Amino acid sequence: METVDSRNKLHSRLRLWEFPDQYIIEPADGSGSSCLDISRVDASMKLIDQVPESNSVRVPKIRSIFGVVGMLKLLAGSYLVVVTESERVGSFLGHPIFKVTTLKVLPCDHSLKNSPEEQKKMETEFSKLLSVAEKTTGLYFSYEVNLTLSSQRLHEMGDESKSLPLWRQAEPRFLWNNYMLEVLIDNKLDQFLLPVIQGSFNSFETAIGRDIVDITLIARRCTRRNGTRMWRRGADLDGYVANFVETEQIVQMNGYTSSFVQVRGSMPFMWEQVVDLTYKPKFEIVQPEEAKRIAERHFLDLRKKYGSVLAVDLVNKQGGEGRLCEKYATVMQHITGDDIRYLHFDFHQICGHIHFERLSILYEQIEGFLEKNGYFLLNEKGEKMKEQLGVVRSNCIDCLDRTNVTQSMIGRKMLEVQLKRIGVFGAEETISSHLNFDEHYKILWANHGDEISIQYSGTPALKGDFVRYGHRTAHGVLKDGWSSLRRYYLNNFADGTKQDAIDLLQGHYIVAVSRDMAPVPQKGGLEAVANFPVALFVVLMSFWFATMSLKQTGSDYKHKHLFFSLLWTGICVGMAALVRANGRIFCNRPRLHKPRG
């Protein structure tokens, strides 16, 4: 695979000099290139020949960094985002891949000293979100190869495109720091522009007979409607869906390279599930009259990018999910044709909670589509022998747990087909017949599912023990119970702030002085005083006082204690009922505005 022109090659080793009034980013890879000078006063940038001299007044702090992710501008200051720690996790088509282990946000906000107090206060609120952003997980990058494109799309690129800087080759929807790079792009700093994807990257190498086979699984998360589980559901008016992830499985052996791509994404019409302290908030379809147009736009985009599309819907046909399932099926009746097909498979009804081997029923229904649309294959000379002509699009409600089990099954079946085509497997041979290979392959998909799930829900994937071990385990069931409780807590009491941080980082919310300095509308009624920790404290204390008073009813003042017991019980029940009836108000909700566009 050809890579970027050496003239546009990224700096792989950098040294950061933190002076009181400026940041200097010095290439430390022996290239002799210019240094990047960034003002800590106004965030202006320029290239300089060498690092300025230090003295007793200007003593710099020096550290190694591994890339410049970008810059964000808030009300008064700007903030530089850099990679301070990373680890190599494998290779993509022969090129090293690294995972971001630590992000650091560096303020360029000295001008804030002269700002009005109200502006300083607002700046502090926004900068707190950046500390949340520093904890972003699942970020990967390469200095040499474009991670945003699949193997097939990389192969189809022309020589002229391959000579461009990596950021210019990148697929914008999978470029996690697309918005943050804009300032650096404007300053023509190509060698400092590090493209980053969010998703997962896992690989392993194993021997099958005399052959060494390398298997890679890479996920690319779309940034168009990125967010948290409960605050990003369904689609927007442009047809971009929540939790859209492209998963590519690559096998390399004896010079052959073969890949197979699948996608997942939320049901492509407008629906929501707003948290309200209940375990399963009800589903609501929004603007149902727009559903057909939105779904049509979504699938036309998929067809343009991937070819034929088979939409596999895994949601329940009954209960709360049933309404969404019915709407999806109705919408698809107007869209399906030769190139777009829809198939419903009630995962829970057919497989229950333990019989996931029944997914073979689904495979029998989609096998024809997979055979017809195939996979991508290059021979030892780098010549294209096959190309993938279509894609399976899977979804459940979250596009996490059921989806990951299903995608791992499809990936396994297609890998066996690829290995037979390359000549590694015989006609009747399967992955299961090679125990070491089978074990590593299960772990590969389980880790993939966990990482995608953590980014969207905050916890590892449910049902992951089946993917990891091939069957359900008692430990896996207990782990799923704990993860479900954690999801409940995060959804209700943490994800609103996390959603704001995501929107800020990816440019879905642009900070503007004219808007963000305007007076905040005064909250009225219950919303002005709603505070869940305080309400919980009142409920618990009321319960405690009611219990203590009840214990004293046998004393001389039993009527008095009985009265207080009933009083505290009433307060306890009343507060609990108030919180339950107004659950949405007591939850942690996003505070920023609509996405741009």
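Keep in mind that glycine also has a Cβ here, set from the backbone N, Cα and C atoms.
Swiss-Prot assigns the feature motif 'Phosphatase catalytic core' to one of the listed ranges (81-92, 93-104, 393-404, 405-416), namely 393-404. Under 8 Å from some Cβ of the motif 'Phosphatase catalytic core' (393-404) lie the Cβ atoms of residues 229, 242-243, 245, 262-267, 302, 309-315, 321, 324, 347-348, 410, 445, 448-449, 452-453, 456-457, 461-464, 467, all in the same chain and six or more residues away from its ends.
In this model, the domain 'SAC' (130-458) carries an average pLDDT of 96. Assigned with DSSP, the residues of the motif 'Phosphatase catalytic core' (393-404) fall into helix, strand and coil as follows: 4 helix, 3 strand, 5 coil.
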